[in-house]
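> Before I ask anything, let me first share the structure, which is written out below as structure tokens.
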Amino acid sequence: MKFLLLCVLLGAAAAFDDDKIIGGATCAKSSVPYIVSLNSGYHFCGGSLITNQWVVSAAHCYKASIQVRLGEHNIALSEGTEQFISSSKVIRHSGYNSYTLDNDIMLIKLSSPASLNAAVNTVPLPSGCSAAGTSCLISGWGNTLSNGSNYPDLLQCLNAPILTNAQCNSAYPGEITANMICVGYMEGGKDSCQGDSGGPVVCNGQLQGVVSWGYGCAMRNYPGVYTKVCNYNAWIQNTIAAN
């Protein structure tokens, strides 16, 4: 059965096996200025700021109304760098399939533009698709344990490589579409997890992945699966232009 990396925390219970960072370390403050926390009274997913008014996240993180929290590091404290902006539009890809998680991508329009500064900034969309072996930065406030739960207040970072299509398909036979990539370690121990869903995978300074799904978290032979953002440049640009 497919366990989604959905950071849906209802009290102490996660509704799905969501992706959170396991095996990483606390990020340096403001070192990931493009990451946002999606909030509906609690942090439930991540996202990436791509313009001063648009955020990319995962379609499985959809809610009709979202508060986007920018400039966050410690999500339990007010640190003076935060901007909280409500969504004015939340647009899932029309081809999103909630069973296969194909086209697991969505755009959020902010009700007002963010103020860009050292703590809040955009990440470029990909100029092309990154090759297997490329090292990428994954970040989020998701679960840090593969067994049990520990949701950190401080943003976590993990460097991990893009895996080959062969490795990805061998881990998940028949489940990987052309719109997915695997990132991580076949030996396990380092991965995204519940609560990281929708968050960024940035390779060579460009947004190449969105945290999507996986079997458990950080399990041997089951790397994390991510939406392949380089396939969606036209959809992103056209959607922004039309809205």
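Quick reminder: no glycine exception, Cβ is built from N, Cα and C everywhere.
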> Candidates are Cys45, Cys217, Cys230. Which one does Swiss-Prot pair with Cys129 through a disulfide bond?
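Record-based pairing for Cys129: Cys230.
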> Per Swiss-Prot, which of Cys182, Cys203, Cys217 is disulfide-bonded to Cys193?
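Out of the candidates Cys182, Cys203, Cys217, the one Swiss-Prot links to Cys193 is Cys217.
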> When you check Swiss-Prot, which of Cys136, Cys157, Cys168, Cys182 turns out to share a disulphide bond with Cys27?
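That record, Swiss-Prot, gives the partner as Cys157.
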> According to Swiss-Prot, which residue among Cys61, Cys136 is joined to Cys45 by a disulfide bond?
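Between Cys45 and one of Cys61, Cys136, Swiss-Prot records a disulfide, namely with Cys61.
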> Find, among the recorded positions listed as Glu82, Asp104, the one whose Cβ has the highest number of other Cβ atoms within 10 Å in the structure shown.
Asp104
> Can you list the residues of the same chain, besides Glu72, Asn74, Glu82, whose Cβ falls within 8 Å of the Ca(2+) site's Cβ centroid?
Ser37, Arg69, Gly71, His73, Ile75, Leu77, Ser78, Glu79, Thr81
> Between Cys157 (disulfide bond) and Asn74 (Ca(2+) binding site), how far is it from one CA atom to the other, in Å?
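Rounded to a whole number, the Cα-Cα distance is 13 Å.
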